[in-house]
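Features reported for this protein in Swiss-Prot:
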MOD_RES   SER2  phosphoserine
DOMAIN    6-122  domain 'C2'
BINDING   ASP40, ASP43, ASP93, ALA94, ASN95  Ca(2+) 2 binding site
ACT_SITE  SER228  active site, nucleophile
MOD_RES   THR268  phosphothreonine
MOD_RES   SER434  phosphoserine
MOD_RES   SER435  phosphoserine
MOD_RES   SER437  phosphoserine
MOD_RES   SER505  phosphoserine
MOD_RES   SER515  phosphoserine
CROSSLNK  LYS541  SUMO2 cross-link
ACT_SITE  ASP549  active site, proton acceptor
CROSSLNK  LYS606  SUMO2 cross-link
MOD_RES   SER727  phosphoserine
MOD_RES   SER729  phosphoserine
Amino acid sequence: MSFIDPYQHIIVEHQYSHKFTVVVLRATKVTKGAFGDMLDTPDPYVELFISSTPDSRKRTRHFNNNINPVWNETFEFILDPNQENVLEITLMDANYVMDETLGTATFTLSSMKVGEKKEVPFIFNQVTEMILEMSLEVCSCPDLRFSMALCDQEKTFRQQRKENIKENMKKLLGPKKSEGLYSTRDVPVVAILGSGGGFRAMVGFSGVMKALYESGILDCATYLAGLSGSSWYMSTLYSHPDFPEKGPEEINKELMKNVSYDPLLLLTPQKIKRYVESLWKKKSSGQPVTFTDIFGMLIGETLIHNRMNTTLSSLKEKVNTAQCPLPLFTCLHVKPDVSELMFADWVEFSPYEIGMAKYGTFMAPDLFGSKFFMGTVVKKYEENPLHFLMGVWGSAFSILFNRVLGVSGSQNKGSTMEEELENITAKHIVSNDSSDSDDESQEPKGTENEDAERDYQNDNQASWVHRMLMALVSDSALFNTREGRAGKVHNFMLGLNLNTSYPLSPLRNFTTQESLDDDELDAAVADPDEFERIYEPLDVKSKKIHVVDSGLTFNLPYPLILRPQRGVDLIISFDFSARPSDSSPPFKELLLAEKWAKMNKLPFPKIDPYVFDREGLKECYVFKPKNPDVEKDCPTIIHFVLANINFRKYKAPGVPRETKEEKEIADFDIFDDPESPFSTFNFQYPNQAFKRLHDLMHFNTLNNIDVIKNAMVESIEYRRQNPSRCSVSLSNVEARRFFNKEFLNKPTA
């Protein structure tokens, strides 16, 4: 990997698009020709088409039997001024069977000047005159935010949250240990992380959150980040109308009931019909639909069935006074022909924004999935419901959905299923979509009249619904293939210019615990090619992008928390990832996160995997910067693993188990149980299995509260010694300076 420059960044060039506005005013003497006019009076309408822009075809309404129509309809196009843009105007006659073209004209937009507004006449068939009003202006307010900095809403949240945490930490730690908390500048930024792992991760994280809530640790956290299964629990918790007034204890009881049912009950004919009809509505509006949409509906029906209309934006009310940690969710953008271990862009989701920090491009959550061009929305859709995002965040399970439901007839269970998920790559779930162009630009000119169009759409819907129903209720190719299972959305970076530049990196002077040389970077954790192509850019010409479960690259959401602008001091991570056995080393995902961080020049403590050989399996491990005076920006990590150790002997910290029943309920294995009750592919948890896993992680967390408190005290001291402790100051990020490109292109000696 010696060819990789660790300071390489891909940024979006600041650029401007043009907004071209057309008002179709009127037409006079519309004719079908002498013979045609004898048979019928025209029913005219106008189609506008610019091939170089998305959402390229527009049309007016039609008037029955009117040769002098007055439309006064306004249409807007977003244009790239660097392309040749030609407006094609087609005068149409609406007919019952198929509409008729009455004439076509073109107008080259390069003749328009910015700020100009004019009326332009067009003549058809030497008789008909049509008047269009045209204007051109610069799009000065794009819908994407181009910046590496945090959004203003998150900055405001952080300031409010620090005020709350200051008082909460004093209460938690006591006056002596919190004596260093003089102001909000002394408040450390604490982040809590949950891994993927299906319902095992979700149930385990529910126990964790109960313990953190009861102990007061949650009140001291700024961020809560989840991946796949943990993100499902976070979605369930934050979308609950009674949270945070009602704590996880009550909400977890509802969750236990919801996951006790057979998932096949979700596939009753009535429910399937409702799912598919809802998806048809999305498809017919012009949005891509994949199996991940269906999976999201099933997850939603299981976990948030009484609030299926909830959106990510609506979760703002849970943090509007900084009363809870800011929830962060994630997925990956992947390429069809590249393993996600080699290339993946991390996409982050919060109630405030969705975007990719790699490129510094962010949008409001309600715009995710809308059609963009050059940073401006050209077609806005309704905000995707939260359950759609839950399907995307955990989409690895839609790949082997037949295994989840047990409809394939396969008898393989347990570790075999884990291994199968382990071997999935993005190439298995992302089809190479050859039909990337807009459907609308491929349509023939004209449409049928409203009645015929309605009949045509109804036939299409019936056919599509029938195919989807048959695929869902039978062991069809849809279950047996992994192709095309990824989530798919319109590419919000379509048409942008990406510039590979080499900044005077704000990270370059940071001293990490151990600088990685080429040999260390080449050391594989899971795959010889891991992260080989992470510096490659997204394809800004592709009209749609594929988004998949982040666990397909590594199973902990560290990239969200390691964003330099967030300046996190203490990370408490909970790893529910599958292991070959209960006695296997638990650091694979953490080592991948470390390697990713080092390759991106982000501070990260050295993870010593040999601590497992020296100390054996423990409930949690602490990894610190060895020299905090030098490694001023390196966070401390407390890493909890899924292990049943002290829980077998104690029903609460310091309270031994005494009765036979108490001992039997705690005597279980996680990964060595031949019945595999905690398999990643288990989507039904009987009450006993739920309670065992929930109570285990509740105990493990409470049993190590002092470890967390001590780390908080140390983090306060680090803050006092280094008042500006933050990986990158927000002002520096916005003021980045770049090397001269000509200098960079000079040959090296």
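Each residue, glycine too, has its Cβ placed from N, Cα and C.
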Structural state of the residue listed as 'active site, proton acceptor', classified by DSSP into three states: coil
Proximal residue to ALA94 (Ca(2+) 2 binding site) among recorded positions SER228, THR268, LYS541, ASP549 (C-alpha distance): LYS541
Lowest local Cβ density (other Cβ within 10 Å) among recorded positions: ASP40, ASP43, ASP93, ASP549: ASP40
Candidates SER228, LYS541, ASP549, LYS606 (recorded positions) - the one closest to ASP40 (Ca(2+) 2 binding site) by CA: LYS541
Fewest other Cβ within 10 angstroms of its own Cβ, chosen from the recorded positions ASN95, SER228, THR268: THR268
Cα-to-Cα gap, ASP43 (Ca(2+) 2 binding site) vs ASP549 (active site, proton acceptor), nearest whole Å: 51
Cα distance (Å, whole number) from the residue listed as 'active site, nucleophile' to the residue listed as 'active site, proton acceptor': 6
Cβ neighbour count (within 10 Å, all chains shown) around LYS541 (SUMO2 cross-link): 10
DSSP residue counts for the domain 'C2' (6-122), split into helix, strand and coil: 9 helix, 58 strand, 50 coil
Separation of alpha carbons, ASN95 (Ca(2+) 2 binding site) and LYS541 (SUMO2 cross-link) (Å): 37
For ALA94 (Ca(2+) 2 binding site), the number of other Cβ atoms found within 10 Å of its own Cβ: 21
Top Cα neighbour of ASP93 (Ca(2+) 2 binding site) in the set of recorded positions SER228, THR268, LYS606: THR268
Rounded mean pLDDT for the residues that make up the domain 'C2' (6-122): 90
THR268 (phosphothreonine) to the residue listed as 'active site, nucleophile' - Cα separation in whole Å: 26
Number of Cβ atoms other than its own within 10 Å, given for LYS606 (SUMO2 cross-link): 16
